[in-house]
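Pulled from Swiss-Prot:
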BINDING   R76, D114, L115, E116, K165, F166, S167, R168, H169, R288, N289, F290, R291, K297  substrate binding site
BINDING   D114, E116  Mn(2+) binding site
COMPBIAS  219-230  compositional bias 'Polar residues'
MOD_RES   S255  phosphoserine
REGION    480-555  region 'Interaction with RPA1'
MOTIF     418-451  motif 'Zinc knuckle motif'
MOTIF     509-523  motif 'RPA1-binding motif 1'
MOTIF     543-551  motif 'RPA1-binding motif 2'
Amino acid sequence: MKRKWEATLKQIEERASHYERKPLSSVYRPRLSKPEEPPSIWKLFHRQTQAFNFVKSCKQEVHVFALECKVGDGQRIYLVTTYTQLWFYYKSRRNLLHCYEVIPENAVCKLYFDLEFNKLANPGADGKKMVALLIEHVCKALQEFYTVNCSAEDVLNLDSSTEEKFSRHLIFQLHDVAFKDNIHVGNFVRKILQPAFHLIASEDEDMTPETTGHEFTHFSETPSEQGTCFSKMSTDIDVGESQTSNSEKLGRLGSAQQSSPDLSFLIVKNDMGEKRLFVDLGVYTRNRNFRLYKSSKIGKYVALEVAEDNKFFPIQSKNISKENQYFLSSLVSNVRFSDALRILTCDVPQSKQRVQCFSRTGTSVEAIEGFQCSPYPEIDQFVLSLVNKNGIKGGIRRWNYFFPEELLVYDICKYRWCENIGRAHRSNNIMILVDLKNEVWYQKCHDPVCKAENFKSDCFPLPAEVCLLSLLKEGEEFTTDTTADTETKSPHGPSSSVLSKGAFSDADWDNGIDDTYILEATEDAELAEAAENSLLAYNRMDEIPDELLIEVLQE
């Protein structure tokens, strides 16, 4: 009896020691003593589009993250939560450590890079030196094309290298500067790496280089023929002057190409011995999944950590830990609007064509000068109605979308009436800001005096027909109608059993699969629903769930 008791006591002591080393995670509950903590929102979705629709209907600032489910099948479920709540659980729950930020389509974002090469295929490559040279080259390009000053101290350098592969993520922390979206980031990166493309082409005449990510396959146009233009955000000149500015940038680009920098250090070999770039150019696609700080790929054991040669150190805050600050800095789409923020663009010719959707008369509008519709064309039309009155025909020069705040910022041209001074500015343009979460719009302007006063007009309600819930409802009705039509025309489409297997590649998930087919798979969302229900139940309980106890005991 005594031996049995001693064995039981020893087992209890071992468990107590285990829990001291690995304590059970508590439940996230915002506290009144910390008003900065957002309410609890933790919702899982089987489809990415459902997750984004929920974000748009949510009044809180929430974000979409992708969680890998199983090794090898490429399937992911999508989590919607706040940065604060994700970090609360992320610190202690292993099942969250295969997590990706979903960089929203059209959203303002940071400049970022994904770097990798096979060490065995490149025995002489010095990864750290290559990273330093790349950062130096990018900083020079930012200064030359956008007059943006930065250095290695403004670059968060994350490492997930193994004995076989060198792997880094670079996220630039530019001061009051961001890119219009990650497509513009990709255009900029491809442009500044042109000398490396040409070098590969000259070394192998049988290969036409292209920058599709992991391999070189096709790059049909020279830099001058491609006509990509660089322009910084001009907020106090009208369209004609903006065109001149762009021409000057192109001239500088041409002169820079005549004395191309040596980018031979960027050329590496894959495991087949084929030449490719050190920079992965496949990470600049819409709704891109980009691995989070401290996450590893599922089935792998090396997470993204701060690199030994990292020179970026976040500003210390008494309310936020250093690790949390690194986490927030690593988020590519974590950019907030401010009057001082400059938005950088890098367009290709296709996006410089005049776009009919902005025209209220059915003809192209010169004032728009080719900027495409925002994600909400109905709101574009509403904004145009605000600046087309009293005989003045204003236009939208450009728009920028801030995903965290669901804020659309429209730069207006040919309409300068300012509520602050009660008349039109003589030379400075205005902005119309549409707050989609709060369903209001207001005016700010680029005039230095108004900026110094931090002027913001009164808020005015959006018409009901352009509010997000109304637009989402219309979108759902359209999708339903389209699905019904597709089912009529294609009765032999793929079955839900086939679609529910989840054997999709990363590329499939990144590029998106036709919603009309995936709608059938919603019946097979038990995985997401079960996970969601368990998490919701977990958040409601004060006691520790049995499932969590079992999981901890088995580790």
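Just so you know, glycine gets a Cβ as well, placed from its N, Cα and C.
Overlay of Swiss-Prot feature records on the structure.
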residue : record                 : DSSP class
R76     : substrate binding site : strand
D114    : Mn(2+) binding site    : strand
K165    : substrate binding site : strand
N289    : substrate binding site : strand
Give me the non-local Cβ neighbours of K165 (substrate binding site): same chain, 6+ apart in sequence, Cβ-Cβ under 8 Å, ordered along the sequence.
E116, F117, N118, K119
Here the mean pLDDT of the motif 'RPA1-binding motif 1' (509-523) is 40
Densest Cβ neighbourhood among S167, N289 (binding-site residues), 10 Å radius:
N289
Largest separation between Cα atoms (Å) of residues that the record links to substrate, namely R76, D114, L115, E116, K165, F166, S167, R168, H169, R288, N289, F290, R291, K297
25
Given the binding-site residues R76, S167, R291, state which is nearest to D114 (Mn(2+) binding site) when distance is taken between Cα atoms.
S167
DSSP-assigned states of the motif 'Zinc knuckle motif' (418-451) in counts, ordered helix, strand, coil
4 helix, 15 strand, 15 coil
Would you count the other CB atoms within 10 A of the CB of L115 (substrate binding site), including those on all shown protein chains?
22
